[in-house]
Amino acid sequence: MTKLTVKDLDLKGKKVLMRVDFNVPIKDGVIGNDNRVVAALPTIKYVLEQGGKAILFSHLGRIKKAEDKPGLSLAPVAKHLSDLLNQEVVFPGKTEGKELEDAIDKLKDGQVLMVENTRYEDVDANGEYVKRESGNDPELGKYWADLGDDLFVNDAFGTAHRSHASNVGIASNVSKTAAGFLMEKEIKYLDEAVNNPKRPFVAVLGGAKVSDKIEVIKNLLSKADKVIVGGGMSYTFSNAKGVKIGNSLFEADKVSLAKEIMKEAGDKLVLPEDSVAAESFANDVPTKVFENGIPDGWMGLDIGPKTIEKFKNTLKGAKTVVWNGPMGVFEMSNFANGTLELGKFIGSLTSEGAATIVGGGDSTAAVSQLGIADQFTHISTGGGASLEYLEGKTLPGIAAISDK
């Protein structure tokens, strides 16, 4: 996929519109985790070093009524970004209007301005939920596009699966849209892994629900050499095989689909053989390992030791690994072992030359919490976006980037 990147643009003296993903957790004005802000720094710094004027757009949270606005201002993010860049970030606190336009006109080369939360535009002056941003209102996309010099850099992979005014809307009103470094990296690793992998290619899928991952399982079964399924969703497959699952979470309406997938997949699909179970959903209760089924009154909350070994054997020698979703309830220490062991093992394959990609969402949180994030080739910043990419879908935010 050869898309235009920020390095292909002449930025000197230009007002460069940039979509970043600064949708970070904020409590009482304090940012909880600034990973997304830090991830955008290389692209922002590059634009400034090239003598461009960076005009940043991002959403923060969801805004459905006027009362949502004050707690979801990007002001704390602008302040934090100015600390990280060691320079002022101009923040007029507006999404449109004369004050914003004047502030942009006053920018000098190498300066940064942040537009207020783009989702402020989802609620109008009368408090009506009009979704101008998230509904990709054509007038808003054109208005924002006109604030710059016909250049747009999209570095927000986390919103690439959405068609909003601040990504697709701006892109459709400028002649050149380029990928920022973060977007470029995401496309490179996910695209290569799914469409041109070094083999053997093993996909590892976890998480609670089969329904969330059906399309991913189907797409990856057609591309990977093996697909490992663990986590809560594996109990729907166990039930479909006629194995007792006790009180474990499963989706009754997906059992026939699980049967169908198993029949089509044959030995390509690798499923757990044992579980760590408890009598209630809590960390401080006695646990037991069950093989070949879980008795009534017990619920499976992590993969067991035999399964860990089985999955490691499947992964041995893999040259590409895509991992999406934890193997158990990793937030509770008693049920984190499967995710930790498998994570460490996948991490060790990186040093043997494998491309190891963690595909967003819970698995990203898991590797960070377990302190093993630095052991992988690439950790995706997009939850829903990486999932849809792994499903084989075309993401509107990426489709809107100009081809070289």
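Positions of Cβ are set from backbone N, Cα and C atoms, glycine also.
The model shown is predicted, which means the values in this text are computed figures rather than measured ones.
The substrate binding site annotation in Swiss-Prot covers D21, F22, N23, R36, H59, L60, G61, R62, R119, R162. Among the features that Swiss-Prot reports, ATP binding site is placed at K213, G300, E331, G360, G361, D362, S363.
Look at the Cβ of each of the binding-site residues D21, E331, D362 and count the other Cβ atoms within 10 Å; the largest number goes with D21. Following the DSSP three-state reduction, the secondary structure of S363 (ATP binding site) is helix.
Here the Cα atom of H59 (substrate binding site) is found 26 Å from that of K213 (ATP binding site). Summarising the environment of N23 (substrate binding site), the number of other Cβ atoms within 10 Å of its Cβ, over all protein chains shown, is 20. Fewest other C-beta atoms within 10 Å: among the binding-site residues G61, G300, that description fits G61. Shown are the binding-site residues H59, R119, K213; the one with the most C-beta atoms within 10 angstroms of its own C-beta is H59.
For the pair G61 (substrate binding site) and D362 (ATP binding site), the C-alpha distance works out to 18 angstrom. Sequence-distant contacts of S363 (ATP binding site), defined by Cβ-Cβ distance under 8 angstroms and a gap of at least six in the same chain, are G206, W323, N324, G325, P326.
D21 (substrate binding site) and D362 (ATP binding site) have their C-alpha atoms 18 Å apart, to the nearest angstrom. Recorded residues G300 (ATP binding site) and N23 (substrate binding site) have their alpha carbons 34 Å apart, per Cα-Cα distance. Closest in space to N23 (substrate binding site), of the binding-site residues given as K213, E331, D362, is D362, taking the CA atom of each residue. Note: the CA-CA distance between K213 (ATP binding site) and R119 (substrate binding site) rounds to 28 Å.
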